[in-house]
Amino acid sequence: MVPAGDQAEEAIVADAGKEEAEVRAAMGVEQDGKFSMTSLLWHGGSVWDAWFSCASNQVAQVLLTLPYSFSQLGMLSGLLLQVFYGLMGSWTAYLISVLYVEYRARKEKEGVSFKNHVIQWFEVLDGLLGPYWKAAGLAFNCTFLLFGSVIQLIACASNIYYINDRLDKRTWTYIFGACCSTTVFIPSFHNYRIWSFLGLGMTTYTAWYLAIAAAVHGQVDGVTHSGPSKMVLYFTGATNILYTFGGHAVTVEIMHAMWKPQKFKYIYLVATLYVFTLTLPSASAMYWAFGDALLTHSNAFSLLPRSGWRDAAVILMLIHQFITFGFACTPLYFVWEKAIGMHGTRSVLTRALARLPIVVPIWFLAIIFPFFGPINSAVGALLVSFTVYIIPSLSHILTYRSASARLNAAEKPPPFLPSWSGMFVVNVFVVAWVLVVGFGLGGWASVTNFIKQIDTFGLFAKCYQCPPRAHAGAPLPAPPRH
């Protein structure tokens, strides 16, 4: 007799194999092994594609705000919290992958076909736990992805300003909003193969540029490292790191794009380990060199002298933020398509036109709240806490609370934690920690800091944290207080 879990995996593999053949045929990819440029650049679904997608999506503009977080936390806390939240995020990404496999296995046993349908997290929750969980997952996930897209637009405007300051940041936001709207033409995560690969290369360059440039620059005169100095700053910085390693709100969509999604289990962990090689050296080197000056410079580029190397890093980050905007927006496009009955449409142009209304509110919110840095912490505390930490942990406990569910589970506990009780204990710890530290203390600190930005700069700020321009006979304005 074949165990239930093995049967479930075989069913998913068989269905994925059919889907791969159908997609290849539809795209004109040859079956006899001949080289195809379309397949190389556009047709992604392997384990490597998923790894590049996870790693690329995890380290976008946060590279530039992590030094700011270090100035709030101090060096030791900054390093430890990165490792802690990185491992915690890998755990909940693993839980999401397990629940996806469970949901898909159950549905395929019922004869449900997912041809021309992308499974999403709220549908997994609906199938396993019911409509109330679906509503919670839909609300938190969509709101998080909405603001995740907003953050990418804000980051584009913030970065390009360090190359061309003839236009203010608000104007740059208008321009990049129009550029990023072209992501409506990318059908699904299958088609991010070349973009994910390039995106990770771009962030790798930027991270090592920050680390090396800071080391070469050396410590500024009179540098101080007073962090952590205030509770509100400490927990604001901590929630930015919580946000950094909470990029798996698109895990289900990435898994669904794989030919063999049951192989996803440890991909996010391996991606996180690579991300550590980028975030730890760059953030610590920048904080060592500039110290407390980072408290009023949330974008690391602002403290480094202009050079060809810096301009290259800025341009590469701009391209990568376009890619990350697409990553965050694509699940929103899917939700909208399903709501208006366009999800099964094969025409790329028709789907692109149907998706455009999603870009408008993102554009508008980026203009209202241009607070690069503080907005990351607020989103991390209020949305990421639930979307990618609390809800996956609770839903895993509830899905496997009965003995029969555990017996027939499509995925058994992992080798490194081979008991259901052990998994439940870890899940309870994650829920308690994130609820108290992430949402509670982090929410208080990040919202307090966010309100200060509004009080200092106002909504619709034309040029957030721009250096003051000198005017004859006019005193320079005081720098913003944090």
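Using N, Cα and C of the backbone, Cβ positions are placed for all residues, glycine too.
Not measured: the values here are computed from a predicted model.
Membrane topology per Swiss-Prot: Leu128 and Gly222 sit on opposite sides, carrying different topological domain names. Here the transmembrane segment (79-99) has Cβ contacts under 8 Å with residues 54, 66, 73, 121, 124, 128, 238, 241-242, 244-248, 251-252, 255, 261, 264-266, 268-269, 272, 275-276, 279-280, 283-284, 388-389, 392-393, 395-396, 399, 410-411, 414, 426-427, 430, 433-434 of the same chain, all six or more residues outside its ends.
Counting Cβ pairs under 8 Å to the transmembrane segment (378-398), the top-ranked stretch among 172-192, 194-214, 266-286, 314-334, 424-444 is 424-444. Two recorded stretches are said to be in contact when at least 3 C-beta pairs lie under 8 angstroms, sequence spacing 6 or more; the transmembrane segment (266-286) and the transmembrane segment (356-376) fall short of this definition.
DSSP states for the topological domain 'Extracellular' (215-231), grouped as helix (H, G, I), strand (E, B) and coil, give 4 helix, 0 strand, 13 coil.
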